[in-house]
Amino acid sequence: MLGTYSDVQERLYKEVKEVFHNEDLGKHDLTKLVYSEAVIKEVLRLHPPVPFVARDLQSDVVLPKYTLRAGNTCALSLYDLNRHSSWGPDAKEFNPDRWLNPDTLPQNPYAFAGFSIGKRNCIGKKYAMMTLKTSLAHIVRKFHISGDITDLKWKIEVVLKPTTPALVTLTLRS
C-alpha cells in the first residue's frame, strides 16, 4: 500500500522521525505513532488476513427478517463487513485519515474486524499491533518503498492472498 500511496508513506516517515528522531524504538513511544496505527488499521480493514469467520450456532439467533437455527454454521465475511456502506461513501477506498477522527467512524463497534470480533477475537491483538508498528517504523525509517498494487488481484481462502505478483522495491533512504 505504501508504494502506491507515496503521500501516506511520507507522512509515516515524518511521524517516525518526529517520535524517535534517530534513537532506538522504545515500546513506550509506540502509543505516539497515531498515524502509523491509522495506516495499519486501514490496511487491515481493506485486506483482512483472515477474510471470514465461522461459528457453529449452539442456539437459535433471531434476526429482524429471519432466524438462524441452532446446529447450523454461520459464516461472516469480514472482508465485506470492512467495506460496508457504514464506512461512508469512500468505504472501498484506502483512507487512513478516517481513523484520526472518531466522528467519521461507524457507530457500531463491530464494523471493524481486522482482528476478528466479539469474545473470540484475536488474543494477540495488542501484541500484533505493537509488532506491526515497530516493523513499520523500522522499514519506513530506513527505506523508501515503491511499487503499485492497484491492479493486484486477490483470492479469498482461509487467508486473503494475492493471485498476481506484487512487485515492491525498497530503496535505502539517504
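Each residue, glycine too, has its Cβ placed from N, Cα and C.
It should be emphasised that the depicted structure is a prediction, and the values quoted were computed from it without experimental measurement.
Secondary structure at Cys122 (heme binding site), taken from DSSP and collapsed to helix, strand or coil, is coil. Look at TrEMBL and you will find Cys122 tagged as heme binding site.
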Query: Among all the protein chains here, how many other CB atoms are within 10 A of the CB of Cys122 (heme binding site)?
result: 16
